[in-house]
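According to Swiss-Prot, the protein has these features:
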| type | residues | note |
| --- | --- | --- |
| REGION | 1-241 | region 'Pyrophosphorylase' |
| BINDING | 14-17, Lys28, Gln81, 86-87, 112-114, Gly151, Glu166, Asn181, Asn239, Arg344, Lys362, Tyr377, Asn388 | UDP-N-acetyl-alpha-D-glucosamine binding site |
| BINDING | Asp114, Asn239 | Mg(2+) binding site |
| REGION | 242-262 | region 'Linker' |
| REGION | 263-497 | region 'N-acetyltransferase' |
| ACT_SITE | His374 | active site, proton acceptor |
| BINDING | Asn397, Tyr398, Ser416, Ala434 | acetyl-CoA binding site |
Amino acid sequence: MSPETIGPAAVIVLAAGAGTRMKSRTPKILHEIGGRSMVGHALLAARAINPLKLALVVRHERDRVAEHVTASDPEALIVDQDDVPGTGRAVEVALKALDAEAELTGTVVVTYGDVPLLTGELLGELVATHEAEGNAVTVLTAVLDDATGYGRILRAENGTVTGIREHKDASEAERTIREVNSGIYAFDAAVLRTALEKVTTDNAQGEMYLTDVLGLARDAGGRVAAVVTEDRWQVEGANDRIQLSALAAEHNRRIIESWMRAGVTVVDPATTWIDSTVTLDEDVRLLPNTQLHGSTTVARDAVVGPDTTLTDVNVGEGAKVIRTHGSGSTIGAKASVGPFTYLRPGTVLGETGKIGAFYETKNVTIGRGSKLSHLGYAGDAEIGEDTNIGCGNITANYDGEKKHRTVIGSGVRTGSNTVFVAPVTVGDGAYSGAGAVIRKDVPAGALALSLAAQRNAEGWVAANRPGTASAKLAEAAQELASTSSQFQATIEEGKQA
């Protein structure tokens, strides 16, 4: 449905189950697939059909689930299921809560919080069919090769739906039926309300079954029909980690295929993972073993990978990111990062800049064209444009109690193994010598040197480490040097004679 289309009166998402087979302290519906919780996927699909109201029924880990849902969808109505078990009761308490302001009329959709591949498009098809045919109940079904464990859809000779038979109650003949109940429905609100008043817990499980509504609606003269989807993945739930993994893999496959159709090159889809929240431009190239998570964006002509994981990172046009682990960072157009680089949150690399091999950065802004090529750390710092930071440079930003900031200007050139002891500022165009320890501000255009003149203690090894391999090698080298000097002196004497 388009954003302008008014959707059903309400969507009810059932999310009260404990999910014990997941064997986790995290509620089942909060487990993630493709960068979004399963209930997050359910809410996204529900909102896609523009319901006037949306309710979520909770029970297990109630406060934790409610907090998560409210953070992403503050307008969703949180409804608590009481001690009466069953899907029928869950829908009944939700309907009463939705009716509190004014009694609902029209279509009510019921879906689940653990069906992460369900799309708004399929829900929209369910609603459209339900309303076009004037049905009392429309059930979403799928045809499975192996229907073991699922409720079977029973049909009359003319094809109309007559009921649902749970697997444990089905006859041998009924168990050959491959069309199964997804548990996702569109109801006429008035029919649903009336039928729920008649649903009891008088069954082997002692629960209020939502499936009982179909028979009650049919007995009251209502039409019960089905929408059959050929895409079984959209109605698959995740009850344990094995099913969760299978759904995650299928979800990822679909995301990757959609991006490839949109002009993205994925060299090895089998080793590439992309969250549903990631944005890619045309002509992006993803190399093997690349993972893109969160709000990551990658602009046109950028190359990411191999062996790269980015979370909430913005990659500019034409940039290259190789064997890098990064989060909360920005990489400018035509910039270069890696290999073996660690970008921590707050890293901003300007256009055409470079962060090279074995570098760690955190909370640092690096100007256009500046280079931090290898073996260093830059944290809590600001580096200007066209500055070259030498090998082995670090910003010593922590004094044991507080973090301090280093500011390095534009056009600066630093020698290898320079240490900046923050807080310190280096002016534009300044240089530092190799091994310098910068404890004071360096004026623009100055050369900073901090090492004393070199002094060689002749014979120290022989005196302090006699008999060692080093001492023996030093003695041999000294003898060779002495012989060479004598030979050279003889040659010079011959020239003078």
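Using N, Cα and C of the backbone, Cβ positions are placed for all residues, glycine too.
Given the structure is predicted, the values throughout are model-derived calculations rather than measurements.
Annotated features taken from Swiss-Prot, shown on the structure.
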{"residue": "Leu14", "record": "UDP-N-acetyl-alpha-D-glucosamine binding site", "CB count, 10 Å": "26"}
{"residue": "Gly113", "record": "UDP-N-acetyl-alpha-D-glucosamine binding site", "CB count, 10 Å": "29"}
{"residue": "Asp114", "record": "Mg(2+) binding site", "CB count, 10 Å": "26"}
{"residue": "Glu166", "record": "UDP-N-acetyl-alpha-D-glucosamine binding site", "CB count, 10 Å": "17"}
{"residue": "Asn239", "record": "Mg(2+) binding site", "CB count, 10 Å": "15"}
{"residue": "Arg344", "record": "UDP-N-acetyl-alpha-D-glucosamine binding site", "CB count, 10 Å": "16"}
{"residue": "Asn397", "record": "acetyl-CoA binding site", "CB count, 10 Å": "23"}
{"residue": "Tyr398", "record": "acetyl-CoA binding site", "CB count, 10 Å": "12"}
{"residue": "Ser416", "record": "acetyl-CoA binding site", "CB count, 10 Å": "17"}
{"residue": "Ala434", "record": "acetyl-CoA binding site", "CB count, 10 Å": "14"}
Item checked: Remote residues contacting the region 'Linker' (242-262) - C-beta distance under 8 A, at least 6 residues beyond either end -> 22, 31, 33-34, 116-117, 233, 236, 269, 272-276, 280, 282
Notebook entry, point to check: How many other Cβ atoms sit within 10 Å of the Cβ of Asn388 (UDP-N-acetyl-alpha-D-glucosamine binding site)?
Noted result: 15
Check: What subset of the recorded positions Asp114, Asn239, His374, Tyr398 lies within 10 angstroms of Leu14 (UDP-N-acetyl-alpha-D-glucosamine binding site), using C-alpha positions?
Finding: Asp114
Note to self: According to DSSP, collapsed to three classes, what secondary structure does Glu166 (UDP-N-acetyl-alpha-D-glucosamine binding site) have?
What the structure shows: coil
Check: Helix, strand or coil at His374 (active site, proton acceptor), per DSSP?
Finding: strand
Checklist line | DSSP state at Arg344 (UDP-N-acetyl-alpha-D-glucosamine binding site), helix/strand/coil | finding: coil
Notebook entry, point to check: What does DSSP call Ala434 (acetyl-CoA binding site) in the simple three-state scheme?
Noted result: coil
Next item on the list: Determine how many residues of the region 'Linker' (242-262) DSSP places in helix, in strand and in coil.
Entry: 20 helix, 0 strand, 1 coil
Check: Roughly how many Å separate the Cα of Gly86 (UDP-N-acetyl-alpha-D-glucosamine binding site) from that of Asp114 (Mg(2+) binding site), to the nearest whole number?
Finding: 16
